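Below is one structure, written out as structure tokens; the observations come after it.
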Ligand SMILES: Nc1ncnc2c1ncn2[C@@H]1O[C@H](COP(=O)(O)OP(=O)(O)OP(=O)(O)O)[C@@H](O)[C@H]1O
Ligand SMILES: Nc1ncnc2c1ncn2[C@@H]1O[C@H](COP(=O)(O)OP(=O)(O)OP(=O)(O)O)[C@@H](O)[C@H]1O
Ligand SMILES: [Mg+2]
Ligand SMILES: [Mg+2]
């Protein structure tokens, strides 16, 4: 098996990779990555990286700056195409060549940079790339957008999430504060993500109160049965919400731990290389 | 007194403003701001804001997103000119119209955006705006830069701070990782700041290890007797290093607390308006 | 309101308003118009070949209620539709300097024969060289790669006069005669003239005859020759007859130039419009030609047999600009 | 684990007051309202400038200017620049710039003419070929910009010279005369067809320009493609991440711009009657001028395409007005230079005070 | 307080391993080293292209091209564009663009000539006035860009038309003849002074161009002002915050560019002998072409000014080489178009592979 080969090739990678392989009471991963490689010029951002997301779980990904976390989730969400390696979704091999591919498959991502068009409205941004067209001839032939429907849906979603009350859904995103933008981005992902939601440092720029709202939202989404990948540098947040923690180091998965079994200190020590990860870590 | 007027004008602002006015065992503030106002279009980022920094202390500034923290320190460091209000330094009124004014007065700032020129080298960036010229005629008449001296000094400072070992001080900043850039920015401030050092969210983008180094650096600088202003959303960091905490809310100073007397929960509650600040808070 | 003399207005539309030739034409027209009490408006394209601005100018004149238009067309065929529009609106349209294609598209043409102008300097250069003409090395300094008509006419006229087979007379550059070293473009100014001359000299340093589209280009070519010390043994010929150009003939920079009379064309044109406004008479063409020939004279102090010419002195008396 | 429990305690403090963050509702005075409206309606400023300049020239010149004939004359005079400005606007909205528009325009018209007269193709087919050729030129630009990722300024600086040189080489600098076109291929002159409404004279080309602008404005506002054009111009990386196919959008914009330029080439034949390879040589600078005066940002993503129409008309009104006032042509250029700077300064000022 | 003590515990874990973050030392092969050097030396690519094109044309054409005469001829032919390209480079390094350079050049030369001959000023004073005038034009551009904060493209699009129109209006299109200048004010032709070295002919103007480029390259690299120019082009806001006076830097760059253009105007008199208001009308596009081929980024902050010199020379070598090969003038334009795109594509490719 390829797992075996990997272990031999790299002696530092000790903890057990694909945790489901034990098969005790675990279902198949909804999203699975194997041997992903991505280089930027001379930098190897992903170095034969593996990855597993179980149904219904919150998986936190932690790691130092530049460890390749953002690159990993970009590879999963189609924003970059890995040079090698494979991704499975629900046991079927997938090949996303653009973010829209992944979105069509039900994977929604909030990128670290938010990915909004500042001059366009909140509604435009929420529906970017999956606009609703008018019914009948205007929509089919002339491809006219159904603005009222889009606006209604957007307003609905934003209030549903209780993140904010928007006065004017046609306001340009650039007129929103950083926290409000973050809210719109998260709302967009939560509204459309039917299979997986990925959040890259959703609370990095947020104040305490806003961060809390986002954490509540994450748990809310989880309760709807949708699994979440959360990237964060904030250990308390990670330990609060995560079911499992994927520790990323030097472009690959170092190990996966269960937050109930380890302290934050342990996690940080693994992540920074201060401590060797456990040889057989069962992250159930 | 104007303090009295302010209190009457705004009933929510209860805690004692300029804390030194008690005069018990306190020296004069090294940096003092009174009634600072700054508007961006219709947004009032600073709303009659007061501010005090004592010699040798670490003053943390906390507040929600958009509370006006960055604007406050930009006003102090000359990056924006407040429309009204006064700033005193060592008891003398100062009027900074550009960041270089403040830097000449010994105030060094690490801005939230880092303020580096990506294509230029580390040494160029460290000396930007205060380049060293060659001695003799080449420097005086032809204004030639003394590159060897600048490079030596830059290398020295970076290693002094133990932040990193730089292979090539002539490397372009854009080739550095986020953490390394942050390190250079902090090193620049620490190297030149003779009176005050201001850090705006220096750890926001950093990993755990890098954050720790920056915190150590802050304490290092303090031990050299230089006061520091630290803006951060990270409560544990703030409570770890700060001597006093300036709580900013809706464009002005809500109150100043001593971290020894209050819990993080209290601070967050004041900051978000969940709890009224103490009427007579003596932040010594 | 019935037209009194003060109410008569006329338009002058030139190819550019930067070329001294047209600047002088405008001065001539302005002076004559003032004398006759006619209000004159002048228009021009941005560069030679810019006929769209000329179309807009004709339309403006119609809107302005002008009585007549004096036009030096940048594109002799393209402008015809607009000219027709103006004539239909009751304006007298006189082509100056350049005949339209077809020539009767305008009410009358007051022109120099540009082909003839070229022919004269071609004949002169041939006679000047004598037997050497058979081994001449000719540089052709033209106007622009877009080959505006006037440039083609002068160029082909010169070659005809020199006795070189033209190929297609409607364009330059298709000649096969080895005596033609090459064509290059000058934009009709000194800088272009110098660069083009240098290019052709690098191609063949033994060039001994230089045709130039106008006198500024000739001045530039002379600088290039001077730079390699060959200004004495190369014959430069040109067309236009502006005062600086004639002065250059006097100074020996240019061997001979064909002089044209823009002031005359312009003042004749204004007179014709005045007459048309007064009683509807149209001007008559020169005997035996289908246009009113304002004449072209070869200006040189080295006259040759069989080519009529006037002296530099006379040329200076009649020069423009 | 004890530490994560204690750690989180402080955060819950923030939830005690549960007032939601709200968008501020600003109270504005009359003046504020006007500014706000100007800010939200990017084509309004050029429209106001246009109306003001018509009124001023009308007052100065009187009936000669303020007649249906003269006013529709402006429309006829700007039709080519107007159509090209529509193409230019699309490209500038994506934060690009196209220096080759004029070259594409004139080469397309030359191709329509030469295919008909040199090779005896039926005019309708020749026109189709011309339109396809324009689209291909645009596609070439789009390919170099979107795939090879070269800066648009440089790409079109190169293709401008390439296309223009090819145009002269192919056409052999031959003009096809209006009379011949009229007799043998009147379809080429279709866009020049005139009809009168009172004293106003319209041509099909003018109608085409106006219709094109309105259709494009609608498409940009009301279709997904239109929104994507704005998103790409605003921030291409964000657009890519939020699911827009940036490459395809850019390619389609450049190709469409090429097609529009080819239509401009057809309209050009209608306007000047003949086919001349020296036409439209300054259409690039003139169209950029129109777009800039029309308030579309050169940085992309902001502005309305109708602004470009107004911008072209402003230049047209100024040119005609100054000529009727008897100003020297050089003064016209002088004032257009001043106008460009003034228009952008005013626009900047409005954006600043109403921010 | 108990919570801040426990909270921090986990962070200290990271300090157990105290290896410092280190910059990676990359091992590169031969090819890698070359790429790296090319990446670090932005003027290297155009230099290589220049040498290659000289060799290729030399091989194709032989002695006629590969002679000191022909090679120094290229220098003479590019001197005006080269000097103007130096000004353009400075502006493009600040992420600007200057369309008015040609207009400033020709108006300055006209002023030098007209002051001498129309008003009888001593030539030295007239030249001084011309240089001051150029500087003032540049300062006007700089003022509009740095204070009013208008985009450089639009500002110089406007001033281009304004200055050029003023030039024609002021000069009344009069040419001052070379012979007159030679007799009455030879100082105006100073830059045309020739001297020979073997078969090579140099003029003072050529020496001036090369010296100017070298001095500017040194200043940009070795003075604070030079570093500030790069910083402003790179990220004006960061430059401002790190203590650079952005407005003053921009103003000085535009003013200096104006002065350099005025020098180009002086060199123009030396080159063409006479003073003609119709010269240098395409210097803006030609200088931008040289800068772009020279590898200076239009986005500012990257590239070496020597690249612009090489860029100008590449265009010169191509023009002369193609003419000598017997290509039609149209073909020259065609190939320069191809060259522009190819040069930038190669540059992009090198940056990509060596990133
Ligand atoms: N577009 C890019 N071009 C070149 N290098 C890149 C690019 N994106 C990422 N990298 C490099 O790849 C490495 C991994 O980056 P990545 O953004 O995935 O790290 P990360 O773990 O998300 O870090 P952070 O915590 O700072 O967000 C870094 O060295 C980074 O510099
Ligand atoms: N250049 C600017 N133009 C317009 N508005 C601005 C500008 N800079 C700041 N603001 C506004 O001023 C207010 C205060 O901003 P500021 O950056 O000072 O907040 P902050 O407390 O630093 O927030 P954060 O914690 O997110 O950094 C915000 O509403 C912001 O949108
Ligand atoms: Mg990341
Ligand atoms: Mg801030």
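Note that the numbers count up from 1, one per residue, in the order the chain is shown.
Every residue, even glycine, has its Cβ placed from backbone N, Cα and C.
Bear in mind that TrEMBL entries carry predicted annotations, made automatically and left uncurated.
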Range annotated transmembrane segment in TrEMBL (choices E:197-220, E:221-244) is E:197-220
Hey, would you say the transmembrane segment (E:37-60) packs against the transmembrane segment (E:251-269), going by three or more CB pairs under 8 A that are 6+ residues apart?
no
Please report, as numbers and ranges, the same-chain residues at least 6 past the borders of the transmembrane segment (E:125-144) whose CB is under 8 Å from any CB of it.
98, 100, 103-105, 107-109, 111-113, 115-116, 150, 152, 155-156, 159, 163, 185, 187-188, 250-263, 265-266
For the transmembrane segment (E:305-325), find every same-chain residue at least 6 residues outside the stretch whose CB is under 8 Å from a CB in it, and list them.
42-43, 45-47, 49-50, 53-54, 57, 60-61, 64-65, 70, 73-75, 77-78, 81-82, 85-86, 88-90, 93, 209-210, 213-214, 216-217, 220, 286-287, 289-296, 331-332, 335-336, 339, 343
For the transmembrane segment (E:80-113), give me same-chain residues lying six or more residues beyond its boundaries with a C-beta closer than 8 angstroms to one of its C-beta atoms, as numbers and ranges.
123, 126-127, 129-131, 133-134, 137-138, 141, 145, 152-153, 156-157, 159-160, 163-164, 166-167, 170-171, 176, 181, 188, 205, 208-209, 212-213, 216, 220, 229-230, 232-233, 236, 249-250, 253-254, 256-258, 260-269, 271, 275, 277-284, 286-288, 290-291, 294, 296-301, 303, 305, 307-309, 311-313, 315-316
